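K.L.:
For reference, the structure I am asking about is given below.
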Amino acid sequence: MTTSAASGEPGRQRVLILGSTGSIGTQALEVIAANPDRFEVVGLAAGGGNPELLAAQRAQTGVAAVAVADPAAAEAVGDVRYSGPDAVTRLVEDTEADVVLNALVGALGLQPTLAALATGARLALANKESLVAGGPLVLKAAAPGQIVPVDSEHSAMAQCLRGGTRAELDKIVLTASGGPFLGWSAEDLKSVTPEQAGKHPTWSMGPMNTLNSATLVNKGLELIETHLLFGVDYDDIDVVVHPQSIVHSMATFTDGSTLAQASPPDMKLPIALALGWPDRIAGAAAACDFSTASTWEFLPLDNAVFPAVDLARFAGKQGGCLTAVYNSANEEAAEAFLDGRIGFPDIVETVGDVLHAADRWAAEPATVDDVLDAQRWAREQARGVVEQKSVRRGLVTK
């Protein structure tokens with residue numbers, strides 16, 4: 001049985017979960033249920049894609065503070081305190097929490113991220129898009145150490161960086177599984193179907209993150225996130241392919257030492273660490289078994305076949321709202337691919353076309369409205385590019 005936010009038991013962290021019905025959210029609830037002496041749930045929020053699951057989660061946790069962005073889904077859940085486009089943000093503002101886990105998908109997580117930071121709660125951030133889109137605004141709103149990453153790669157970096165000072169850091173090595181199409185040629189990728197792109201070889205993730213991993217856009221977003229979270233120059237962040245997904249990232253220091261964080265691919269480990277930061281949660285996930293033979297491979301990324309990381313590096317170096325443009329153009333193009341309107345390579349091609357027409361958005365955003373305007377522009381541009389590609393490929397007719 002949970003206690004109210006206002007009367008949380010000493011030593012128990014009050015956790016507000018945004019995106020509770022998604023992959024990260026459901027695993028976070030499992031971590032919390034396994035550690036009732038450490039955590040209690042004080043609120044749940046979801047977009048509304050799975051109202052039945054949200055209703056079940058509410059019954060399981062006993063919380064009254066629930067938000068649903070989709071009003072129709074809110075009716076299906078029943079007796080929802082907050083509904084509509086700003087429901088999640090209002091929930092964050094009204095709920096006392098020690099930790100806000102933002103596991104929403106996409107750029108819609110920006111306003112809740114800023115609201116969470118304004119409350120002073122620790123932000124366990126799985127919604128990388130809000131940081132990528134609103135970078136300068138998010139960093140300005142955050143107190144030192146207030147944001148704790150949930151992504152396995154950035155969680156790994158945070159752990160590795162405990163082993164040295166910032167002045168001693170030489171570079172960050174960001175690892176990538178390579179996705180389901182590692183080793184495929186550019187010609188091979190033309191025949192990829194949404195079903196193929198929805199199967200990841202090592203990780204269990206939501207559909208959008210799985211597709212982003214297949215295109216390597218996810219790694220591009222993580223590159224930008226690395227720069228923003230840890231203040232590392234883009235030229236000092238290497239990306240290497242590690243198909244086994246055991247080493248989640250590495251930090252190389254000026255004396256030649258490299259520290260790596262290794263664990264079997266299981267998101268419960270970084271979720272638990274973010275919820276309990278800086279403390280570890282015993283038994284969060286299985287450890288590596290070094291008593292059995294295994295091989296860890298590290299391969300160069302083929303940027304010619306998978307240009308998404310190079311595009312992200314370009315957007316990040318240009319600065320301003322270009323990282324928001326990168327993300328929003330991808331969201332629009334990815335949706336078009338899933339709908340069968342464009343081919344798989346067209347996703348990243350669309351992002352590149354939009355980015356290279358986005359000079360007007362290179363200025364740093366002064367307000368959230370600046371970011372939202374850049375996102376709207378990017379989506380409109382992407383829709384135009386998608387339509388042109390669809391017509392050329394004969395997938396739609398004018």
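Cβ from N, Cα, C; glycine included.
As listed in Swiss-Prot for this protein:
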- Thr21, Gly22, Ser23, Ile24, Gly47, Asn50, Asn127, Glu129, Gly206: NADPH binding site (BINDING)
- Lys128, Ser152, Glu153, Ser177, His200, Ser213, Asn218, Lys219, Glu222: 1-deoxy-D-xylulose 5-phosphate binding site (BINDING)
- Asp151, Glu153, Glu222: Mn(2+) binding site (BINDING)
K.L.:
May I ask you to report the DSSP-based helix, strand or coil state of Glu153 (1-deoxy-D-xylulose 5-phosphate binding site)?
P.N.:
helix
K.L.:
List the residues of the same chain that sit at least 6 positions away from Lys128 (1-deoxy-D-xylulose 5-phosphate binding site) in sequence and have their Cβ under 8 Å from its Cβ, in sequence order, or write 'none'.
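P.N.:
For Lys128 (1-deoxy-D-xylulose 5-phosphate binding site), the qualifying residues are Asp151, Leu221, Glu222, Glu225.
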K.L.:
Specify all same-chain residues, apart from the site residues Asp151, Glu153, Glu222, whose Cβ lies within 8 angstroms of the center of the Cβ atoms of the Mn(2+) site, ordered by sequence.
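P.N.:
My list of surrounding residues reads Lys128, Pro149, Ser152, His154, Ser155, Met157, Leu174, Asn218, Lys219, Leu221, Glu225, Thr226, His248, Ser249.
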K.L.:
Expressed to the nearest Å, what is the distance separating Gly47 (NADPH binding site) and His200 (1-deoxy-D-xylulose 5-phosphate binding site) at their Cα atoms?
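P.N.:
Pair distance, Cα basis, whole Å: 24 Å.
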K.L.:
Which of these binding-site residues has the least crowded Cβ, counting other Cβ atoms within 10 Å: Thr21, Ser23, Asn127, Asn218?
P.N.:
Ser23
K.L.:
In angstrom units, rounded to an integer, how far apart are the Cα atoms of Asn127 (NADPH binding site) and Asn218 (1-deoxy-D-xylulose 5-phosphate binding site)?
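P.N.:
Checking the Cα atoms of Asn127 (NADPH binding site) and Asn218 (1-deoxy-D-xylulose 5-phosphate binding site) gives a distance of 12 Å.
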K.L.:
Helix, strand or coil for Thr21 (NADPH binding site)? Use DSSP.
P.N.:
coil
